[in-house]
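A quick write-up on the structure given underneath.
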Amino acid sequence: MNNKRHSTNEQLSLDEINNTIKFDHRSSNKQKFLSFLGPGLLVAVGYMDPGNWITSMQGGAQYGYTLLFVILISSLSAMLLQSMTVRLGIATGMDLAQMTRHYLSRPIAIIFWIIAELAIIATDIAEVIGSAIALNLLFNIPLIVGALITVLDVFLLLFIMKYGFRKIEAIVGTLIFTVLFIFIFEVYISSPQLNAVLNGFIPHSEIITNNGILYIALGIIGATIMPHNLYLHSSIVQSRTYSRHNNEEKSQAIKFATIDSNIQLSIAFVVNCLLLVLGASLFFNSNADDLGGFYDLYHALKTEPVLGATMGAIMSTLFAVALLASGQNSTITGTLAGQIVMEGFLRLHIPNWLRRLITRSLAVIPVIVCLSIFKGNAAKIEQLLVFSQVFLSIALPFCLIPLQLATSNKDLMGPFYNKTWVNIISWTLIIILSILNVYLIVQTFQELQG
């Protein structure tokens, strides 16, 4: 990576929200924290999107609480990587897409852009599928109609944006806590064994020695670090009004943005643990092989003998509501990430509504085509979701490596470059994640062919 300085005519990242939310570095720590509370919520959404649900609940259903340790390690890794994106955005005034385009040669940057766009589409496919299935479960709306309805989310986002970025953060936060409280309630009703849950956070050798557990563990790790989140976070932290030329204010902004990120990712960690605990407490040692998708989980909850007819109906309905909330949340953040990638790599100046409509349409089209070919077969649609998650694994190194190279560059980052211990941990994470993702991709295609 060369050391060209940031050009003065660089377009602001997400310029309609950039530098719009007040941050007073002279205020109390409480006020500073509240000023920066919000971007982490949008990032946390990617760690509990519909694409993560199946892996966590299947892991619990098939292997009990063993994989809670993997969720813990994955979440801690995510916190480190997201803190690096915070420093990149605040220290340089560029998001990850802008930085990649600006500091890499044009041919390489174009390759990275194509992969980033495909990753955004893959992310959006999971949200479209999750929302369409939730609408089908709740209101019996055909899957094709449900997928088309999700296009309207784009215009809803445009409408909300007129009232400021804080409104988006508030709506996302409300939906996140809706999902959180639903699963707290469902786990409470399912009565898990506390000692067994706590034991799950201790590493077990079976995670490595048992191929089945290892496969699910890789799925959890691969689904935890989402490429679009790295682009998103490096942009939306710039929505606050800290001085772009004062290192003291930048330092404070980095501090409170990182605290915000870690708090929200802790909530995502709890949600993923709750999903696994719910799967383990209700389905471990029974029906685990039948929990292949959202419909299987919905009907398993509805007919679970331990719950009874009334509570089973409530639990399954709440599951569908949480799925819809998660899908809508991820729709908002995925659309924003699509805008960041398109603007950052291409410097395209097109109307916001058109840019967001293009992003969503590119995700809806493959879902509609798949539904048409397979005549609404839910299993085939859920298989498309699996393919989308596999592609995210392929795309991951193409944003992690530029992030690492940029944040370890003293000329680019100034006093906010990575310390040695951060470089050691982050490079180790990148290498391990890349190896595990390659293994996961190979295993997934072998299973699909088998």
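The backbone N, Cα and C atoms fix where each Cβ goes, and this holds for glycine too.
Annotated in Swiss-Prot:
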TRANSMEM  34-54  transmembrane segment
TRANSMEM  61-81  transmembrane segment
TRANSMEM  108-128  transmembrane segment
TRANSMEM  141-161  transmembrane segment
TRANSMEM  170-190  transmembrane segment
TRANSMEM  212-232  transmembrane segment
TRANSMEM  263-283  transmembrane segment
TRANSMEM  305-325  transmembrane segment
TRANSMEM  361-381  transmembrane segment
TRANSMEM  383-403  transmembrane segment
TRANSMEM  422-442  transmembrane segment
Chain residues in Cβ proximity to the transmembrane segment (383-403) (below 8 Å; excluding those fewer than six residues from its ends, i.e. six or more beyond): 1, 50-51, 54, 81, 84-85, 88, 96, 99-100, 103-104, 112, 115-116, 118-119, 122-123, 125-126, 129-130, 219, 222-223, 225-227, 230-231, 366-367, 370, 430, 433-434, 437, 440-441, 444-445, 448
Closest-packing stretch to the transmembrane segment (34-54), where packing means Cβ pairs under 8 Å, from 108-128, 263-283, 305-325, 361-381: 263-283
Intrachain residues whose Cβ lies under 8 Å of the transmembrane segment (170-190), provided they are six or more past its termini: 38, 41-42, 44-45, 48, 160, 264, 267, 270-271, 274-275, 277-278, 281-282, 306-307, 311, 315, 318-319, 321-322, 325-326, 328-329, 332-333
Seg_contact(the transmembrane segment (212-232), the transmembrane segment (422-442)) with at least 3 CB pairs under 8 angstroms, min sep 6: yes
Cβ-based contact of the transmembrane segment (108-128) with the transmembrane segment (422-442), 3 or more pairs under 8 Å: no
